[in-house]
Amino acid sequence: METRSTPTPAFDMVLFGGAGDLVMRKLLPSLYQAHAAGLLNEQGRILALGRKDLSRDDYLASVEKQSRIHIKAHFDDAAWQSFCSRIDYLRVDASQAADFPALAAKVGDDAGKVVVCYLATAPNLFAGICENLAAVGLNRPNVRVVLEKPLGTDLASSNEINDDVARFFQEEQLYRIDHYLGKESVQNLMAIRFANALFEPLWRREWIHDVQITISEELGVGSRGDFYDGTGALRDMVQNHLLQLLCIVAMEPPANLEADAVRDEKLKVLKALRPFAEQDVAAKTVRGQYKAGAVGGQPVVGYQQENGIPAGSQTETFVAIKAEIDNWRWAGVPFFLRTGKRMQERLAEIVINFRDVPHQVFSGPLGGSHHANRLVIRLQPEESIRLYFLAKEPGDTMRLQPTYLDLDFYKAFKVRRADAYERLLLDVIRGKLALFMRRDELIEAWRWVEPIMDTWAASTNNPPKQYTAGSWGPAASSALLSRDGISWHEEC
């Protein structure tokens, strides 16, 4: 497979939480793939930090075990050995300032080298880590800090975290990561819109009936019960992933693809989202919680039977929302957002339903087919774009049948399939901020979801609606769309 990119500048990748799940499952496998593809500078180093007193060999043995699981068929022993030569392990307790001089000595003071500090830790450690980095000079201009979600549980706590971090680092040094924006199909959506005269003239209220954005998971809360019960699907998925995808769909064309040009347009979308009054929450949102059922043919327990979940919990594992954008391009076009755990399948997609023709000249049931034209951008499990339309069935009658044009990026271009984290890590090293959230975006996202959070919290007599594990969510989710005369994509 061809790789169309150039190696990064020299760098040190400092991984806080170096023995944690995110580093083992996503970050190191992604860096390995970039290394195997020749995308990492020969002078690039990876420094994993952790509280455990491990030897380098013990750490690498643990990393290899996990990486073989996650890299699977792409694991190459020779490439792995050369990749390991980049990695070192340093015992650092992120909460202990006394441990940071050793880190600074390891990194050195080469101003021509990029230093990336990836904070794969709990957010309550961010401020202390940044303060400790600054105390040893690791907040100089060549240092970049990657912040993982969740950045707070509401606007106030988010502001507190960001204020603390901003005491030591400039905004242009901060990379608030949302891995969905690293997916090839999301970036191709921008190319489809802004590089082709075919779609952009149709990308407006006159031609688009509705937009549906879904991120569904087969998995339950697993071992994250304690964390998840204090978070819920609205904070975990809507406030970041779903709203960022909505922004990419709805934004105006930027003047260029520089970071602030793109993020300025996304910010305008967030500011144009119609705010929720208390009465709107009941009419335009659905929250659900999975009960026992079967996923993939295997029986699974309900949310309240999961480890770490208190009896009677009203934390939502499913959310559906009707969002509206009050501007000239999108006025009157509903944007339906949906996410849930223990759903029928693992899926992430954006569906653009175009309006029907104004006058139907074809007879028969398909002649009047609702939303004959539909663009489906699939983000996972595979990444593709599919355009649905009606065509004449071969034969001597004028009978219409739905068909589609299909684009699988990796088959079409015969390039290596890159993980979203790989793309984003490379962007951090190269100093590209366009796919990372700016602070003002985060503020507007929290402002929009907070009225929903507050109304749900006050509705103790209106708990989340139950849905069977392995289904597409509560019936109220379908009813939310049926009031506009439409259905979810999989129901059509």
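Glycine is no exception: its Cβ is also placed from the backbone N, Cα and C atoms.
Checking the candidates K72, K106, K322, K341 against TrEMBL: the one annotated together with H179, K183, E217, D236 at the substrate site is K341. The sparsest Cβ neighbourhood within 10 Å, among the listed binding-site residues (R51, K149, K183, K341), is found at R51. There are 18 other Cβ atoms within 10 Å of the Cβ belonging to H179 (substrate binding site). Taking the Cα atom of each, E217 (substrate binding site) and K149 (NADP(+) binding site) are about 18 angstrom apart. The average pLDDT computed for the domain 'Glucose-6-phosphate dehydrogenase NAD-binding' (14-188) is 94. The recorded positions shown are R51, K149, H241; of these, the one with its CA atom nearest the CA of K341 (substrate binding site) is H241. Separating the Cα atoms of D236 (substrate binding site) and K149 (NADP(+) binding site) is a whole-number distance of 8 Å. Put simply, H179 is the one of the binding-site residues R51, H179, K183 whose Cα lies nearest to the Cα of H241 (active site, proton acceptor). K149 (NADP(+) binding site) and H179 (substrate binding site) are 10 Å apart (CA-CA, integer value).
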